[in-house]
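Trainee: Pasting a structure below so you can have a look.
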Amino acid sequence: MNRAQPRTAAPTGAGSGRTPFPRRASVTLALAASAIMTAGMFSTASGAQLSESSLYDVIPAPVSVEPASGEQYRLTGHTSIHIDKQASSAKRVANRLRELLRPATGFALPIKHDAAKYEGEDETGGISLRLDGSRAELGRAGYRLRIDDDSVTIRATTGDGLFNGMQTLRQLLPATIESDSERSGPWTIPGGEITDRPRFEHRAAMLDVARHFHGVDSVKRYIDHLALYKVNYLHLHLSDDQGWRIQIDSWPRLTTHGGDTEVGGTPGGYYTKQEYGEIVDYAAARNVTIVPEIDLPGHTNAALSSYDKLNCDGTAPPPYTGIEVGFSSLCIDEPVTYRFVEDVIREVAAMTPGPYLHIGGDEAHSTSEADYKKFMSRVLPLVEKYGKTAVGWSEYAKATPPKGSVVQYWHTENSAPEMVEAAANGNKILMSPANKAYIDMKYNEDTELGLDWAGYSTVRDSYRWDPATFLPDVPDEAILGVEAPMWTETLANLDQVEFMAFPRLPGIAEIGWSPASKHDWQAYRQRLAAQAPRWEQLGIDYYRSPQVPWPGN
Ligand code: NGO
């Protein structure tokens, strides 16, 4: 595979050459809807009107959808949200639902505590979020959403399930629900029943905040996008040759020096522990668990540049602002290396409520294979010592990580004996094949942003693959899930990140959530098109791929 990329600064202008699309688009929904109707897209949407969504317009596609024609619920100023007394996880979801619905509707949406109705007995007069441990068929994250003329009820066994049901409900409201200022509605929701649960427990995205630093507000906004599509892990690539982005008290120069710059030599940045905690909490409130990555033993120029003593020759290299890979390595035989790594792992683990800590391990081309294994054999136990499950890129499989550790497959080949062996050793495989799941790849030769070492990745390419069969020799049970990495060598701000993520991110989310039987490109591209008015409300600048029948085209 050709990983060579020009050693040039990334474009920093706001996407020159990209299809221009106005923020807060001026395309009227009426026009958009009529174009959709003309195209005959909504075969299921019985006379879909401009402000209505169809029960089928959900991404990721639910397991089962049963419309009740003629029924619809209308959200009004009298609507209240009902939860059981003492159900704190339902309370969290109720608060979030209110936060989501309030700006556009202007409704108060009071939260009322009352007893759940029995199964089969209709709830009346509001939106009920009911925890119901007896519904084992929904699993931990599934939900059942029922909408009729009088009420909306979401049932789930956990708060996570209620949260997922709420995101579906959100997508069933008119796109203007995403507006940050009051709109007129009407706020109707099509009637029927949706029963749903995820195919894979782990549905992730990654943001590289090392090549270009992306501040707290950008990360929060990305988390909001993930939540809309039920993505439940955000992997943050916190260190690389070009920058160290997380405060480590015992090694302060990592950030004061190592966080200074980024690709292209522009000023970098880092998260203080307090800011990082803010990200972790913001994510948790949206069902997203943060997975921190400290890339080791390669991709470490920022650390090596911060401390002489981490270098085998005792001399710190200058900061690096290009986009080559594979030239840096920690000094494998020096005891200080392991004091450094242990301090970092201890401090990062302490900031991490989630179960995983990613230790990178990719492209350590300047570390011999023997040294690589020696290094990992000392570092993997440290991850365990601080109570975390290790995750590493494909290469670290050769260090035989302990049972239960996660190997993230990022290569493009459909055959990988090391993954088969890792699975046999009890590792879980997280699927991110670069030719499918890397959403930093260019869409086509005209895309200004992004890289192309794994080839171009169209919206269809990134949707049409199956994490369970991509590596046919790895048993299905070993597949943990799917992750869409966003590397940012060329992506200097969130606007550029969004342009690469939309519309591919929702497709990866669907691949991770929906049963394989629901993966259908023709149906998907129509559901995808129906999301565009939402993105416009959210101010997301997306790529208008010609493969998708966008409204207004
Ligand atoms: C590779 C490489 C990264 C690059 C990325 C760009 C992995 C795991 N290591 O993926 O350093 O940023 O490609 O697409």
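Cβ coordinates are placed from backbone N, Cα and C, and glycine is handled just like the others.
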Trainee: Which one of 1-22, 67-88, 243-264, 353-374 shows up in TrEMBL as region 'Disordered'?
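Mentor: Within the set 1-22, 67-88, 243-264, 353-374, TrEMBL attaches region 'Disordered' to 1-22.
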Trainee: Taking only the residues in the domain 'Beta-hexosaminidase bacterial type N-terminal' (56-196), give me the average pLDDT of this model.
Mentor: 93
Trainee: CB neighbours of GLU363 (active site, proton donor) within 10 A?
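Mentor: There are 19 of them.
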